[in-house]
Amino acid sequence: MTSSDSECEFTFGEGIEYALQEISIDSQDRQIFTRDAQTIQNAFIQAISRYDPTFKNAFRGLSLGGSFLDDIRIELPDEFDMHVKIVLPFEVEPIRVSNYPGYVFLRVGNRYARHHCIQTYGADGKFINRELIQTWFRTNISAVMNELQNIRCGNRSYSLKYTAHGYGVAHTLVATERRRRHRKIYFDFVPVFEFEACEWPRHFSRVPNAGRTWLAVPRKYMGKNVNDSRSFMVCAPHWERLVLHKKQNLKDSLRLMKAFRNANDMPHLVSYMIKTLYLNAVEERKTNWNQAPGRILIRLMVELLMDLLDGFQEFYLAPDHNNFSNISREEIQEYKRIVGRTLKKLISRRNADYLTWDDLSNFFGVEC
């Protein structure tokens with residue numbers, strides 16, 4: 001801590017390091033939440049498998065997504081994004097959707113195939129119906145909730161509540177500890193179909209993948225009034241993880257950006273948009289990832305401001321798709337104002353080499 005200025009408490013680098021410490025996850029919390037989450041997930045899947053033999057036969061495991069997979073979560077480790085992998089007993093081929101970048105239809109190769117999630121679409125043939133998949137999950141989850149009200153996790157016990165029913169993408173369940181009601185764990189379960197890297201549709205962007213699999217996620221066209229019940233969006237968390245691998249300063253900067261988002265009330269700048277900002281910057285070699293996290297933060301905040309000015313953020317897996325399509329024009333304007341103001345002040349503080357307690361609170365929500 002330094003400076004003759006009575007307001008100054010840190011050098012710029014010291015302040016950034018202090019903020020990172022304050023937003024980091026306690027290792028004991030991580031261990032406890034992760035262990036309890038695994039027990040709850042297992043109880044959830046086992047209950048559905050007992051209730052529905054068709055689900056039991058189709059289920060091929062859970063895979064983690066989101067901030068936990070990338071090790072970029074901040075604050076409490078209490079949210080888990082879980083992909084529920086489904087395999088149906090017939091060949092499914094992902095087909096690129098014209099005019100909707102990042103979307104695929106899942107065509108069923110066997111015209112005699114029968115399943116309650118298949119629908120015939122005229123001369124186009126048979127496809128997986130996204131809405132029927134979500135209805136299937138919704139029905140099963142609702143049917144087993146009564147038996148998920150006392151899940152034992154060591155000396156703790158949790159009850160589950162079904163709060164979002166897959167009308168967007170995820171089926172959200174909240175586990176509440178029965179004795180300490182303030183302790184909660186949040187789960188987003190998303191049904192997905194998994195494909196090999198070689199099944200990535202032609203004409204899609206070629207993305208480094210190291211032979212890892214990718215997923216098709218049930219999702220409506222974003223920002224469109226048009227609906228097609230066949231639509232699925234591509235998702236490749238393990239491909240994206242490769243981009244962030246062994247770039248610790250970059251990941252620390254990404255955590256700071258998420259803390260900035262939270263501290264400045266920008267709820268529709270969702271975590272995946274922040275992650276995409278960094279994925280695209282790495283792809284385009286926008287900065288040196290060995291720089292200090294605070295310097296990377298400033299560089300990427302410039303990129304965020306440029307995206308907001310354009311009203312367009314390229315989806316890493318499909319650059320013609322706009323990640324910002326669901327943010328209103330008014331919110332874009334407000335976010336531009338917040339980012340521009342903060343960027344100007346961050347640059348000033350970096351040049352003067354100091355940060356104050358007020359800065360840490362205003363920039364990152366860190367209190368003394």
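Cβ atoms here come from the backbone N, Cα and C positions, even for glycine.
Curation plays no part in TrEMBL annotations; they are all automatic predictions.
From a predicted model like this one, the values you see are computed outputs, not experimental measurements.
Confidence annotation: the domain 'Mab-21-like nucleotidyltransferase' (69-216) carries a mean pLDDT of 95 in the model. Per TrEMBL, the feature domain 'Mab-21-like nucleotidyltransferase' maps to 69-216.
Here TrEMBL flags 250-338 as domain 'Mab-21-like HhH/H2TH-like'.
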Counts by DSSP class (helix H/G/I, strand E/B, coil) across the domain 'Mab-21-like HhH/H2TH-like' (250-338): 59 helix, 7 strand, 23 coil
Tally of DSSP helical, extended and coil residues in the domain 'Mab-21-like nucleotidyltransferase' (69-216): 27 helix, 60 strand, 61 coil
